[in-house]
């Protein structure tokens, strides 16, 4: 195995988690001591939610997402506190808020879960029932709790973030030095790959070969690698004085990008302008690599500045449309889901209906601990069409385990409020620890933490075991019934199943391809598990298509074309597995291995969303396949397994492009 590219498990930053927990404990203690009655629950909950947002895996939008969490927390707590004493008004506000917050799933799971958490804060504010005049102060403490997390990560960033920043700086400084060396002496010139390997490791430490990261995340380590490949192409061709000037300005631009100070932004803007002024002087065969270098540098500058410069090419603007208008783009994405067949809109309606029904049951039947009906609905309900009922029941079971465990502690110990607050912090810590173990364990930890946190603001005897459990069962039943009464559209479900099938087939292909350059601990088990997931996804897809009436000719044509393309993809995967080297990988060239990793990341595509289980940038995938072919010839990867890898990787890219252009029925898009 290539030592520099060893895949290591991602360990949690315990120091950062402890700082986050200290912030939760501090704001909870402040609210208990000086805040209005009941404010400790919402303040601690807001701090915990913001702390979870701060740990998301996105280098650019960590702090802005915490600001969004602060705004949502303040609004939810304020509305919940103001309407707590008027049940009818609370029902209307809760349904409207949860329906609107549910639409955030259109922008991905992070914002979707944040919206659900804000709904839980609204319910928590109703449970605390502060005085009407104290509502603004209660909301202010919730906002302060969330902003405390922003301050913590700004002052003490997690070690992984610091490692990533240092690796980015080192990589661009190294590339700038290599570019200057290329201008001075081309004989024996090679890119120093050590900083690039360290950069990729800093961003991709994971135990999963099929992890999906957004394109803007991948760009932080993929762009320097592409710049290095472009410089290698330039070094192998002819060189003119105009090209030397371009390389000098490119080196200055990369050095400015590596400057993380405030003046670095100004230097970057000036450097890219000077670079553009000399690019036009390059003509002939040299212009092709120079134009590729220009596009890459403009993309780097856009990521560094968070916006485009006037000379940014249109291709970069299309690829990085999220940079200058992230809020505007998010709003447009939500608007795009305001249509009848959207799974996100249907989830919003389901959630609002379940909240209204839960409030009615709570007030009309006088269910003790009835607020757990609403909290369970928010914990269990998700905008998913695959494995819907299985996951609902799994989350419900996890929530019941957490509630039973917390209730047992409260009944046996009958702790004072400050001890309940300590238990709540411990519950939040357990949620951090089990965050990678699956949704059942996570639901259990979150439910236990919520149980303790709500007890901080309650007076009187501890709860009985049956009351919160009964309320949780009712909430889980409402979540399942809402899916039954308002299911997803058949064509939408078919499109989701098709996406799930494609995603699992891609995971299978990615697992096999990774085996050509990385040693797997248990290759037979890993490949078998990937194949079994693809097999189950195919069975689910066929079951969904078989349950539909195929009256439309275009739908039948789409199914035939889709099955043909997927079968071809499966055949390529089987060919790759049949030629997979036994034991240690036979491909030992580090740069070729990096190119394979880059292809796998483009193949896996973007993270799944509520609207699409799998999406891929076909242009990026085709470019990655082309880079793989060029790397195979450049680095001498001409043995039998390497040739099979390159050929089948190119074929997979063609099959996926064919699937993308298949004219699917408009309702299934």
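Keep in mind that glycine also has a Cβ here, set from the backbone N, Cα and C atoms.
Just so you know, TrEMBL annotations never went through curation; they're auto-generated.
Residues 469-486 are the range that TrEMBL records as transmembrane segment, among 451-468, 469-486, 487-504, 505-522. Checking TrEMBL for transmembrane segment across the ranges 390-419, 420-449, 540-569 points to 420-449. Range with TrEMBL annotation transmembrane segment, chosen from 37-56, 117-136, 137-156, 157-176, is 137-156. In TrEMBL, the annotation transmembrane segment applies to 88-106, one of the ranges 12-30, 88-106. Given the ranges 299-323, 324-348, 349-373, the record in TrEMBL names 349-373 as transmembrane segment. For the domain 'Integral membrane bound transporter' (359-481), the DSSP counts in helix, strand and coil order read 92 helix, 0 strand, 31 coil.
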